[in-house]
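**Q** Straight out of TrEMBL:
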BINDING   88, 90, 94, 133  Ni(2+) binding site
BINDING   88, 90, 94, 133  Fe(2+) binding site
């Protein structure tokens, strides 16, 4: 089961857990209220998993690829790690399914505080368009993930501040209960 918590303010190694002391856990329901959805799937059988097939059909995830983030596998590794950890948003939902390894997605709550979501093998997360977030490996320095998209992939991150973008405005309406 996924675990999430409020982060401390430390600027130490981004790959460390960065839990507040005492720990302030964040529930799946709290994540859902931010528009973040979570599923647990069978990563050992992702190629034939009927649950994944059904999710892709229901959500219209027509495009996918697999990325391995490790210094020996990813070209421009150091540059990519820095880019992934820059606070940003996307105009479309971000869907990631961890096939092996582990890492962290950090998202902002309604009060602009960081929540760290620990992701490991079998975890699928959907971050809504317009949410400020970032990604980093954990101390294992390895993750293999499936990236899913509705239609052709759009990789463009919009670094904060990006509050004027329609996706951000729509997300803020969602948070305040004004979304249609």
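Heads up, the Cβ atoms here are built off N, Cα and C, so glycines get one too.
Please treat TrEMBL annotations as automatic predictions, because they have not gone through curation.
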**Q** Starting from each candidate's C-beta and looking 10 angstroms out, tell me which of the binding-site residues 88, 133 has the most other C-beta atoms.
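**A** Neighbour-count leader: 133.
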**Q** What is the number of other Cβ atoms found within 10 Å of the Cβ of residue 94 (Ni(2+) binding site)?
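**A** Its Cβ has 20 other Cβ atoms within 10 Å.
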**Q** Report, as a single number, how many Cβ atoms besides its own are within 10 Å of the Cβ of residue 90 (Ni(2+) binding site).
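**A** Taking every protein chain into account, the count is 20.
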**Q** Apart from 88, 90, 94, 133, which residues in this chain have a Cβ no more than 8 Å from the mean position of the Cβ atoms of those residues at the Fe(2+) site?
**A** 89, 127, 131, 132, 134, 157
